[in-house]
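According to Swiss-Prot, the protein has these features:
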type	residues	note
BINDING	His83, His182	heme b b562 binding site
BINDING	His97, His196	heme b b566 binding site
BINDING	His201	ubiquinone binding site
TRANSMEM	33-53	transmembrane segment
TRANSMEM	77-98	transmembrane segment
TRANSMEM	113-133	transmembrane segment
TRANSMEM	178-198	transmembrane segment
TRANSMEM	226-246	transmembrane segment
TRANSMEM	288-308	transmembrane segment
TRANSMEM	320-340	transmembrane segment
TRANSMEM	347-367	transmembrane segment
Amino acid sequence: MTNLRKTHPLMKIVNSSFIDLPAPSNISSWWNFGSLLGVCLIIQILTGLFLAMHYTSDTMTAFSSVTHICRDVNYGWLIRYLHANGASMFFICLFLHVGRGLYYGSYMYLETWNIGVLLLFAVMATAFMGYVLPWGQMSFWGATVITNLLSAIPYIGSDLVEWIWGGFSVDKATLTRFFAFHFILPFIIAALAGVHLLFLHETGSNNPSGLSSDADKIPFHPYYTIKDILGVLLLILVLTSLVLFSPDVLGDPDNYTPANPLNTPPHIKPEWYFLFAYAILRSIPNKLGGVLALVLSIVVLALVPFLHTSKQRSIMFRPFSQCLFWILVADLLTLTWIGGQPVEHPFIIIGQLASILYFLLILVIMPITSVSEDNLMKW
């Protein structure tokens with residue numbers, strides 16, 4: 001008798017995706033982040049669902065409904081902080097996942113990579129709208145500043161901003177629609193993640209060497225299921241430690257003050273995972289230029305496959321490219337730090353130099369270095 005998991009229409013899909021999937025035998029722990037992102041998404045959807053049962057998307061009651069969740073709902077504080085810090089874990093895994101893709105040349109799977117970039121945009125949009133919902137000072141002013149950027153678009157800019165606001169300022173209509181979008185987007189992300197996996201399984205996984213692994217495959221279960229479970233346990237350990245010991249360490253104290261349109265906070269800044277993009281935005285004095293740079297800082301990822309000039313896929317055997325990769329990582333950390341600093345000397349010039357270096361590295365220096373390395377190989 002044939003095994004049910006290989007014949008049943010639904011089980012067959014699960015089987016070919018998570019059980020009998022042929023996987024390269026040499027993939028390292030850097031390949032754990034895909035499954036960790038799946039776990040993060042499930043945690044966010046579940047905690048978000050329970051929060052939505054008690055939250056009210058009205059400017060008069062939003063802030064107090066979050067307070068009510070933390071004070072009066074059974075384990076409401078736990079659900080709220082799991083959701084808030086779960087977002088941070090989500091972005092840590094996302095950045096490491098993208099970094100892995102850049103390091104090992106996984107971007108050569110074009111469809112998978114492009115859907116990944118789309119997923120990154122969707123997660124960033126979801127996180128931004130989620131940050132607005134508690135209706136604290138930073139929620140309100142963050143929403144005002146970021147949505148106002150759209151007014152830089154010629155001709156339709158100001159109309160577009162008012163259309164998004166649903167009025168002449170960030171108000172009840174804005175909060176209600178942000179809540180609606182924040183609720184629906186994670187399900188769209190889950191669907192996109194399914195398509196992401198579909199395209200990945202068309203080609204099979206990449207591996208650290210960047211070479212074809214067709215000659216040496218092992219079944220996903222039990223080898224990588226066990227490996228993924230270890231990753232999940234470590235993720236949960238870090239998340240629970242964060243939630244139970246220092247739940248507010250990544251948040252902003254200003255968000256514990258109810259939103260007040262008449263009082264601007266001294267330093268408006270987004271959550272830590274947007275600071276690198278925020279620093280790039282601020283480093284350009286022109287409004288439209290800043291908005292374009294902000295969008296390009298993420299869109300540039302979609303250009304990476306077309307800038308691949310090396311004969312080797314991975315940079316595992318390319319020392320110069322490795323150095324440049326880690327300079328890029330250091331540059332992004334610098335941008336993240338600058339994004340959280342006030343707009344004054346010397347932070348302005350550091351931010352501008354780091355922004356220029358970011359685009360130069362990806363668009364110019366790394367492709368040229370790849371060609372140079374190939375030529376050095378001929379010597």
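Each Cβ is built from the backbone N, Cα and C atoms, and glycine gets one as well.
All features noted in Swiss-Prot, drawn onto the structure.
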residue : record                   : CB count, 10 Å
His83   : heme b b562 binding site : 21
His97   : heme b b566 binding site : 20
His182  : heme b b562 binding site : 21
His196  : heme b b566 binding site : 21
His201  : ubiquinone binding site  : 14
Near the transmembrane segment (226-246), which residues from the same chain, at least 6 beyond its ends, have a CB less than 8 A from one of its CBs?
29, 32-33, 35-36, 39-40, 43, 78, 81-82, 85-86, 88-89, 93
Most Cβ pairs under 8 Å with the transmembrane segment (288-308), selected from 33-53, 320-340, 347-367:
347-367
Cβ-based contact of the transmembrane segment (178-198) with the transmembrane segment (113-133), 3 or more pairs under 8 Å:
yes
Beyond the flanks of the transmembrane segment (347-367) by 6 or more, those residues with Cβ under 8 Å of it:
279-280, 282-284, 293, 296-297, 300, 303-304, 307-309, 321, 324-325, 327-328, 331-332, 334-335, 338-339, 341
Rounded Cα-Cα span from His97 (heme b b566 binding site) to the residue listed as 'ubiquinone binding site', Å:
17
Please report, as numbers and ranges, the same-chain residues at least 6 past the borders of the transmembrane segment (320-340) whose CB is under 8 Å from any CB of it.
99, 102-103, 269-270, 272, 274-280, 282-283, 310, 347, 350-351, 354-355, 357-358, 361-362, 365-366, 369-370, 372-373
Folded-back contacts onto the transmembrane segment (77-98), same chain, C-beta under 8 angstroms, at least six residues removed:
30, 33-34, 36-37, 40-41, 43-44, 47-48, 50-51, 66, 69-71, 116, 120, 123, 127, 130, 235, 238-239, 242-243, 247, 250-251, 271-273, 301
Provide, as an integer number of angstrom, the distance between the C-alpha atoms of His182 (heme b b562 binding site) and His97 (heme b b566 binding site).
23
Which three-state DSSP class does His83 (heme b b562 binding site) fall into?
helix
